[in-house]
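Below you'll find the structure, written out as structure tokens, and then a few comments.
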């Protein structure tokens, strides 16, 4: 019997508390619909398509938060093996190096150990999805004009987590029997960003063999 993601990846090691949708809200209903489709075994290419009559920004918001939770869970499982000694640079093998810049504490692209980079990344994403001006939760409050641009940036940076985990920690993922689950999560992510053109495909080069 296949295990669900939560059974494979320890929730005790989640990097951040899970962002949840409020029951009774439209976004909660969209989230439940998306999760039901995933569990039904439908083609992931169809699962990511915008349901008839739904707002595209609501659909993107639901998925951005869900991907944040799931990728956070995946990285949390390998984080104890991702140390400043084992991963002194946030990278994806020798060809790809990712530097952190947030315009605040790090005004210029800065080389950092992967663990520190991940902490900063998750803090940054969490601050955005908890910001009512960017991810409004109140009925009738519109999304900002730059909402999709913000989501593109979030999804682009979350992709780097996949790159690092696949290239530097995949042996650990395999050792706990979770490779099928991370593969499914990545494919879901890939089909979603492709469906709505949320990332330039040149950025996906490090994992091109996965698609």
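Note that Cβ sites are derived from N, Cα and C of the backbone, with glycine treated the same way.
Per TrEMBL, Zn(2+) binding site is recorded for 82, 87, 164, 169. Long-range Cβ contacts of residue 82 (Zn(2+) binding site) within its own chain (separation 6+, distance under 8 Å): 75, 114, 115, 118, 164, 168, 169.
The binding-site residues in question are 164, 169, and the one with the fewest Cβ neighbours inside 10 Å is 169. Report note: the Zn(2+) site is defined by 82, 87, 164, 169, and the residues of the same chain whose CB lies within 8 Å of the CB centroid of those residues, excluding them, are 78, 79, 81, 86, 114, 115, 165, 168. Neighbour density for residue 87 (Zn(2+) binding site): within 10 A of its CB lie 19 other CB atoms from the protein chains shown.
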